[in-house]
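Enquirer: Okay, handing you the structure first.
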């Protein structure tokens, strides 16, 4: 990466202070910035086990009297062996073994299971035993597929058999989908359910919670982290009970599969390519000869059932700690590590997963992010020496927006604010950008930590909280987040700062006092902070806007209105800025010794403008297109038939001539990364008439991301990454088209 990342030692939740007992800016240990299957059975969305995981046709054979000759029959064992499960006779004469490999080893030889110390029959272990018995009862070849076919033939209405994933149960209460403080009714597994009807009561301000910071996916666009779902009629794959010895890698091309049964075979390993099956919610590998499982299973963050009963496993990879939605981890029938078994008995699957997560050593840091050069950063004889400067924008994930229940895939020590804030500061200081724009920074952290620490590094800054802070007590105000802008004092002089409060602007617009404006816009307290700066050496001017737009894709109209109001205000501010007297005492090296000059006829559009924004929208969205093209028609679908006076009567239009700094590389692959969402939603816009982008900091290494569930983690302290760009003032103003429109 471009900046160093802390390679902390193995940590535990019992001693978190080791990660944050110092206020030093530098962190120790940092670097400088600078098959086709042999016998496949494809079934139409196997009803396979019921949502509880138990066989739909009982624990014996399905109707038809199939008999599996290699299954040992046990009867009436009322006290299941605490370490290796129990063997109970099944209905219809089917029995099943116990111990490693279902009481079966190579060539079908049956053995007696080893004995171990009794295990307390806690509720967690009772659940474990019930799930083990359900899996052991499915040892016949393609048991689930046959059961599904019989179930389908048993009805006179085949169409009544739902083509759905039987394991697609509601999300576990242990954690959320990684989008903090999201309305769960609007997103499932990160996919939009579409725009709710206008009568949806969830749209009223009283029932909609305060704004979170991470976006939900935009309606009409699939979740970027998952491939579009193919039109496959099946999502379950049953390869169970056919004595497979290995799995072909071709199997893992079926990336839409949600349930994979490879139980009761002779597998000694699972290929690491299983990491391709990102949609898996159930993996049953019961009754094999596995001595290890691949750490890559840890990236299958949608898993709810991982059944590994009756194998030869002695330990589990720490990477399973990121399976934050896992409801059942089946380990009975394995010579498992005593500590892991005890943890599961006492605290259940969630307790064991949390233990693995918090005791995992930090993974290797990613490679440095690489700079991508776009234009040369050189002076020309005609323009003379011109100013170069760098801009960094960063949503730092406010501490109050990062509860452990939301980011349950993140180790507790890495989610701890004291650890995160030190790593955030390290990134900012090492980047050493001339202008730094932060979103989601609360009043307390600005005043007590970031401002004083960055002051030592030569920065000055301004911070404004959201509008709600005005109605709160002093203590409550400290926890309200907002936007902060920092600049290097040796390079810039502050002329003035302004805060733009969107709900207050909405109140002032008498020609737009519609019901939708009151109910949808005025209840959102997003803001923008504008800093008017002057280069100390050349006397040139720079306007920096820093904003955080509303997140919810169901309120795309609100986003448009907020951006429309922001552009109107920026046009007023730049015009006012152009009327300031010109600085005459400048360095003669710059601009061929001439003081900067701004024409009144340009109305401030000849002043370089930077807009750093967490837009909470993809490139190609209405708000992005509006900023980049200068106009949006009033009947645009993203207004969602709501009425906003002249905005919806005649559309939105601005004349600032903006362009995204990363447009030259097709935008970043992502700037926000969680288990259910990965997309670019943070941007730096600029005015190409007055300056050029010389370079941008590239994406995070893809190989690293492929092994990572989401941010924050040990190396990335926020669920966002910073967007970092280098600019150069042109020293001349590109001419406008004949119609005077900078976009046409």
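Backbone N, Cα and C atoms are what each Cβ position is placed from, and that goes for glycine too.
So Swiss-Prot lists the following for this protein:
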- 440: Mg(2+) binding site (BINDING)
- 1-100: region 'Disordered' (REGION)
- 132-238: region 'Disordered' (REGION)
- 231-254: repeat 'LRR 1' (REPEAT)
- 255-277: repeat 'LRR 2' (REPEAT)
Enquirer: Mind checking how the repeat 'LRR 2' (255-277) divides into helix, strand and coil residues in DSSP?
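Expert: Summed by class, the stretch gives 5 helix, 3 strand, 15 coil.
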Enquirer: For the residue listed as 'Mg(2+) binding site', what is the secondary structure by DSSP, using just helix, strand and coil?
Expert: strand
Enquirer: Going by DSSP assignments with H, G and I as helix and E and B as strand, what are the residue counts for the repeat 'LRR 1' (231-254)?
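Expert: Secondary-structure breakdown of the repeat 'LRR 1' (231-254): 5 helix, 3 strand, 16 coil.
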Enquirer: Using a 10 Å radius around its CB, how many other CB atoms surround the residue listed as 'Mg(2+) binding site'?
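Expert: Taking all protein chains shown, the residue listed as 'Mg(2+) binding site' has 26 Cβ neighbours within 10 Å.
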